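S.K.: This structure is in structure tokens; I'll ask about it shortly.
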Amino acid sequence: MFSYRHAFHAGNHADVLKHITLLFGLKLLQKKETGICLIDTHAGAGIYSLDGEYALKSAEANEGVLRLSTYCSEHPNAIPESVSDYFAQIALLNPPKSIKTYPGSSQLMLQVMRKQDQLKLMELHSTDFPFLVENIAVSQENYRPKKSVQINQKDGFTQLKAYLPPPTRRGLCLIDPSYENKDDYQLVLTALGESIKRFATGAYFIWYPIQQRRDATELPQQLAQFCEDHQLPYLQAELQIKSQILTEGLAASGMWVINPPWQLKEQLAECLPFLVKALGQDDYSRFELNSQD
Ligand code: SAM
């Protein structure tokens, strides 16, 4: 079984980029009334304690959501809409002016989904799966009637296609592996190939690490080729917060969005420079925003 536990990384700079992009993309899709099928192929535990043992050990949130929160309180008039929306969702789990609890992708989607939307979650880890089930059950207590959520302890890469196409023909799929297993790079492409055959108009949000290793550097190129081969529009957003050479941990990551919601690019164009100012630690801090229609 894998050793990766997202609790070590919750609220880090990669989560900030991923969750802001995800939430705003979903908000844009929800401008239309028709229900959306939300699929999280690698759901994690749903909710994370930032003062728990794992988070304190890595302290990654200090370089991510907590640093962003401090920067926002110092620059209240410059906060982009996508960043305030993100903090509004985090605030639902926390007392005023404090962030001790961090919502992962599945919890965020649960919070913002509407009664006509559906949520499908996959998590394979034998420890995180029961946490996810428990966290979702506790959150569901806030909703009457309960929201439509299905949770599976299944392989997200192979299970994804089982949900496609969604009955309403509207869907958002988050593909967020840990890449702890180096096969994950190829599995992302395979899962996308199978999914696009069934549901070419879905919005696919793929998170990827930016690291000095061949499979990691090749993934964005392969995704670009995939989109070109299938004539799919895409958006690529990257955020780097420090030099990769001088750090042991992850210094940068990206989101690849296939069939991006209308106006997501404009929102990210406003948000990414703000994130670089807030989270950037040295001259290597940068963002990248590319698209192909
Ligand atoms: N999406 C989560 C978030 O943003 O809050 C974080 C997910 S974390 C990066 C990746 C998760 O995928 C881990 O919890 C890991 O146990 C799980 N996992 C690994 N391989 C998997 C697979 N093949 N199918 C489903 N889950 C898997």
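For all residues, glycine too, the Cβ spot is worked out from N, Cα and C.
Given the structure is predicted, the values throughout are model-derived calculations rather than measurements.
TrEMBL feature annotations, pasted as is:
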- Tyr4: site 'Interaction with substrate rRNA' (SITE)
- His19, His42, Ser105, Glu123, Asp155, Gly156, Asp176: S-adenosyl-L-methionine binding site (BINDING)
- Asp176: active site, proton acceptor (ACT_SITE)
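Give me the structural setting of these features: burial, nearby parts and distances.
M.R.: For Tyr4 (site 'Interaction with substrate rRNA'), the number of other Cβ atoms no farther than 10 Å from its own Cβ, over all displayed protein chains, is 17.
In the three-state DSSP scheme, Glu123 (S-adenosyl-L-methionine binding site) is classed as coil.
Counting only same-chain residues at least 6 apart in sequence, those with a Cβ under 8 Å from the Cβ of Asp176 (S-adenosyl-L-methionine binding site) are Lys18, Asp40, Thr41, His42, Gly44, Ser105, Phe205, Ile206, Trp207. Asp176 (S-adenosyl-L-methionine binding site) carries neither a helix nor a strand DSSP state and counts as coil.
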S.K.: Cα-Cα, whole number of Å: Gly156 (S-adenosyl-L-methionine binding site) versus Tyr4 (site 'Interaction with substrate rRNA')?
M.R.: 16
S.K.: Quick one: largest C-alpha distance among His19, His42, Ser105, Glu123, Asp155, Gly156, Asp176, binding S-adenosyl-L-methionine per the record, in angstrom?
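M.R.: Taking every pair of listed residues, the largest Cα separation comes to 22 Å.
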S.K.: Tyr4 (site 'Interaction with substrate rRNA'): which of the binding-site residues His19, Glu123, Asp155 is the nearest Cα neighbour?
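M.R.: For Tyr4 (site 'Interaction with substrate rRNA'), the spatially nearest of the binding-site residues is Glu123.
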